[in-house]
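What follows is one structure encoded as structure tokens, with my remarks underneath.
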Amino acid sequence: MRGAAKRGGYLLLGVLVLLAAVAASLTIGSRPIPLGEALDALLHPSAGEAALIVRELRVPRTLVGLEVGAALAVAGVLMQALTRNPLAEARVLGISAGAATGVVAAIAFFGVASLAGWIWFGLAGAALAGALVFLVAARTRDGSGPVSLALSGAAIDAGLGAVIYGILSIDAATFEQYRFWVVGSIAGRTPAMAGQMAPFLAIGLVLAVVTARGLDALALGDDAARGLGHRIQRVRLLAAVAAIVLTGAAVALAGPIAFVGLAVPHAARALVGAAHRWVLPLSALLGAALLLLADVLGRVISPPGEVAAGVVTALVGAPVLLWLVRRARTVTA
Amino acid sequence: MRLEGRDLVAGYEERTVLDGLSVAVPPGRFTVIIGPNACGKSTLLRTLGRLLKPRGGSVLLDGAVLHDLPPREVAQRLGVLPQAPLVPEGVTVADLVARGRQPHQRWWQQWSPGDQAAVAAALADADIAELAARPVEELSGGQRQRVWIAMALAQQTEALLLDEPTTYLDLAHQVEVLRLLERLRDGGRTVVAVLHELNQAARHADHVIAMKDGRVVATGAPHEVVTEQLMTDVFGLACAVVTCPLTGAPLVIPRP
């Protein structure tokens, strides 16, 4: 069909950008390692210091960055489609707040003191909050339509936010640990953590691909989607499950990283148009690349210290979002 | 293709709009549903098009109960253009029309030459082939309406149901859309449309269904339905019906 070659070109470009980001993530840091040496460390395990840094620190960090970036971007596409709201991202469906509540509860009530333990509490909290938002919305007249999803998500987000800050404000010790998670980072993650999140990512991506055509139809309105032969409640349910699983896993693993889920879908749509079979894969590529590059930037921005990737995405994100808003206005005018 | 509703009861929440309505759509003809605001025209069209599940009675498609058939199969036989579809940001005409192919595709299926041919034919039939690469947001209302009709055409269904396809269009564009629907009818399709403009209904329809308060008041050829007595009853407005000097169709004129 028209433009398929051009869109395929953008996908290829996305792959190249991602490869460059991976290379940067493996080589750049407080101890720069040439690309050849880094690849050598991957292919021929040796005991050298550089090889150890690459294998033990940079590879897991890069894998987690790939997973989290792709998951957040794809989940952003799904949530924007579900709510028909171009500003939708992890916060809108209450998923971020759910994960944060899980982590706070793990620290404050269960005495869990390590990231490896928080991940499961974060994932459970995200799933519970996301499921609650969807079930509340599904019982409205709107039938989990855009408005009821956005409203019940905003309500859960606000309510859980109150719970989180309520606990943190009376429990300084919990806050002392929580702040390392909530800043949003992919540093210090282990290969085991990357492995634990992989199945969730896979499930979310498969569901996203399955619902791509249904989301294209839903974008035309509920009646139009029904007229094209879709069971719209089923499309919404599958897309919501995918969004919850992807966001929950990503946020649990890396903390609430802003902006990737919001901006990457916009960038992808600007390049390949509105069809989800193109937007989804390109968003996955660009989301992974963006998070890796933000992480790399954070490593070099203020040596010898590091700035968390979540801080960098937010810092870089704000001006880019303003640019997107300006662009959107010129399109509709 | 035979499409009929039997003893239909349908509505929203507690409100019942259609209460025991029966209607048959003549195959291969252009049928227009008329009636005052809130009389249930759209509800009837949505029920016939499987967008709304009736609470009682049934819609029959070639004798089979419509709401028991798989939605995808229905969408291969029955195209529906709802009242106010949404235009996704940045979508081009070709992309939007291509979505009409969805009932013929599966999620693992790539775009086929058959899909390509159907979209090209739909663009040509709706006379918008030269707009294919344009963003839909940039188009005028009349062009947009033809894009939506083209999407329904790409669905390649035997029947096409349209809810107020001429609303928001100026007179020239209204006539353009109605002529397009006539051409589709001439090509063998069954066309059903909800229209507000009585004179257009009388002029372009083969078959008119007049509704009031959720009931069918009269059905038949335009000159049988569009009469002084019936129009006065249905719309509660004293009017005269004269013969159009150009087409011979009934022409409704409100009495001063």
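For all residues, glycine too, the Cβ spot is worked out from N, Cα and C.
Per TrEMBL, transmembrane segment is recorded for A:92-112 (among others). Using a Cβ-Cβ cut-off under 8 Å and counting only residues 6 or more beyond its ends in the same chain, the transmembrane segment (A:92-112) has close neighbours at 79, 82-83, 85, 118, 121-130, 132-134, 149-150, 152-157, 160-161, 163-164, 167-168, 171, 174, 177-178, 181-182, 240, 243-244, 247-248, 251-252, 256.
Sequence-distant contacts of the transmembrane segment (A:118-137), counting only residues of its own chain at least 6 positions beyond either end whose CB sits under 8 Å from a CB of the stretch, comprise 93-103, 105-107, 110, 112, 144-145, 148-149, 151-153, 155-156, 160, 181, 193, 196-197, 200, 237, 240, 243-245, 247-249, 251-253. Residues or ranges marked as transmembrane segment by TrEMBL: A:118-137 (among others).
Through the fold, the transmembrane segment (A:149-168) approaches residues 82-83, 85, 88, 91-94, 96-98, 100-101, 104-105, 108, 129, 132-134, 136-137, 140, 174-175, 178, 240 of its own chain, all at least 6 residues removed from its boundaries and within a Cβ separation under 8 Å. Among the features that TrEMBL reports, transmembrane segment is placed at A:149-168 (among others).
Residues 64, 67-68, 70-71, 74-75, 77-78, 81-82, 119, 123, 225, 230, 232, 234-235, 238-239, 241-243, 245-246, 248-250, 252-253, 274-277, 280, 284 of the same chain, all 6+ positions outside the transmembrane segment (A:197-216), place their C-beta atoms under 8 angstroms from a C-beta of that stretch. The transmembrane segment annotation in TrEMBL covers A:197-216 (among others).
For A:237-263 (among others), the entry in TrEMBL reads transmembrane segment. Under 8 Å from some Cβ of the transmembrane segment (A:237-263) lie the Cβ atoms of residues 64, 67-69, 71-76, 78-79, 81-82, 87-91, 93, 95-96, 98-100, 102-103, 118-123, 125-127, 130-131, 134, 138, 144, 149, 181-186, 189, 193, 197, 200-201, 203-205, 207-208, 210-211, 214-215, 287, 290-291, 308-310, 313-314, 316-318, 320-321, 324, all in the same chain and six or more residues away from its ends.
Taken from TrEMBL, the feature transmembrane segment applies to A:275-294 (among others).
Feature annotation from TrEMBL assigns transmembrane segment to A:306-325 (among others).
Long-range contacts of the transmembrane segment (A:275-294) within the same chain: residues 7, 10-11, 14-15, 17-18, 20-22, 24-25, 62, 65-74, 76-77, 81, 186, 205, 208-209, 211-213, 215-216, 257, 260-261, 263-265, 267-269, 309, 312-313, 316, each at least 6 residues beyond the stretch ends and with a Cβ under 8 Å from a Cβ of the stretch.
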